[in-house]
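Asks: Pulled the feature table from TrEMBL, pasting it below:
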- A:20-43: transmembrane segment (TRANSMEM)
- A:22-216: domain 'ABC transmembrane type-1' (DOMAIN)
- A:64-81: transmembrane segment (TRANSMEM)
- A:93-115: transmembrane segment (TRANSMEM)
- A:166-183: transmembrane segment (TRANSMEM)
- A:195-216: transmembrane segment (TRANSMEM)
Amino acid sequence: MDHLGTSVLFAGNNFSRLLGGLWTTIWIALLALLIGLILGTFLGMMRTFKNRPVRLILRLYLEFFRIVPTVVLLFLAYYILPRQLNINLPAEQVAVLTFALWVAAEFSDIVRGALISVPKHQRESGLAIGLTHWQLFRYVLLPQALTLELPATINLATRVVKTTSLLMLISVMDVINIGQQIIEANGQSHPNGIFWVYGLIFFFYFIVDYPLSLLAKKLNAANQH
Amino acid sequence: MAKEILRVEKLNKFYAKQQILYDVDFSIAQGEVLALLGPSGSGKSTLIRCLNGLEEFSTGDLFFDGQKMVPTEKNWQQIRQKIGMVFQSYDLFSNLTVLENIVLGPIKVQKKSRSQAVQIATRLLKRVGLADYLQTYPRQLSGGQKQRIAIVRALALHPEVMLFDEVTASLDPEMVRGVLEIIKELSEKDNMTMIIVTHEMNFAEQIADRVLFLEDGHILENTPSKQFFVNSQTERAREFLESMKF
């Protein structure tokens, strides 16, 4: 088998390092999603308010995060924050912060879209029984929006997981970065290492993202009924 | 003379530049049933929606129990507990069971205990013949059932006034009767004060004490219903009644 070069995956502690990298990828994505989804829910709610300045600011926020490439956002946060604002965060925290703000921006638009597609009468009957606006969101509109927004949210989650591959650019030890190190360190002894290492990384991303995309597909089909 | 519950003075309503309601004046006493009649687009629904703040009115005054209503969001939220409203499209909250639909207001708005709220809900559901549907979701119900539950949901807050906005207009004909009977019983047994927008002339004639006849945002008549249906004051109302007959 060894002439194939698969041994590079198991030489030394390579495999456990790759798993460790995968874990870094996953926790950064999960934490960013958790923070981003909560923040995005509030921003999405605020985008349905009548207040124009609030809506405009949140719209600009969304467009900023949507238009500026994620790499640029990461560089902005990683290189410019410490220099201009003297905020020195570890790379992982910069990653979580940037991704969370990005997720919040994207999710605010998903939430807004779902909220405005809840029939207007649901809102009125809620008001008519004396609910406050907050109670109306909490008990009627958000739960109904949730079923509408679930497929798009899962889609967003798979994008976040994939996009963590950019984190190597700000020297986070994610699975890609570690893979790269292993390839370089073993380049002499395992010239085919690059194929196997990236093959394994492909497989890692696949087992994380594929169940998510299956779920999205299933929910989408369920929503059609 | 029964106590006056609600009075409307010189109410005007504009959408952009277009005027929808012109100097609407009327009052309703406790236990009275008022039918709001008039052709489509006459402003009936807009008027009834102004009474619980779902539409803002442009000028004029509303008095509840003799107190002038200052139309802030907070005041409306308070006053809506006293004014139940049922809509044309039976709008039960689709994410909640029948029981949760009904107890939401009593628990969250009036801070009643859950057991108390459930008790109220069960009693009211029994009354409209739907006690078996506590755990059912709205999508599993017929239009008539949903509308009866929407009435129960409003009643669970113990309102002083009920507003019915064309509540049978989108029901199948055979469902209409059950809903109208409940409304009638509310008036007869509970002496509920009600304002009803409807196109069911027979029903209006049976139940209403008084008729407000609206056209193009003007109140053309404010007449005791016995007189309105037999001998309307205005030519326009007579034409309208005639057109509703086959």
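Backbone N, Cα and C define each Cβ position, glycine as well.
Just so you know, TrEMBL annotations never went through curation; they're auto-generated.
Quick one: how deep are these features, and who are their neighbours?
Replies: Residues 8, 14, 17-18, 20-22, 24-25, 28, 70-71, 74-75, 78, 91-92, 94-95, 193-194, 197-198, 200-201, 204 of the same chain lie 6+ residues outside the transmembrane segment (A:166-183) yet bring a C-beta within less than 8 angstroms of a C-beta in it.
Sequence-distant neighbours of the transmembrane segment (A:195-216) (same chain, 6+ residues past either end, Cβ-Cβ under 8 Å): 4-6, 8-9, 18, 22, 25-26, 150-151, 154-155, 157-158, 161-162, 165, 175-176, 179, 182-183.
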Asks: For the transmembrane segment (A:64-81), could you work out the same-chain residues 6 or more beyond its ends whose Cβ comes under 8 Å from its Cβ atoms?
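Replies: Those are 87, 89, 91, 94-95, 97-98, 101-102, 105-106, 163, 166-167, 169-170, in sequence order.
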Asks: Counting only residues 6+ away from its ends, which parts of the chain sit with a Cβ under 8 Å from the transmembrane segment (A:20-43)?
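Replies: Same-chain contacts beyond the flanks: 58, 61, 92, 95-96, 98-108, 110-111, 142, 153, 156-157, 160-161, 164-165, 167, 172-179, 204, 208.
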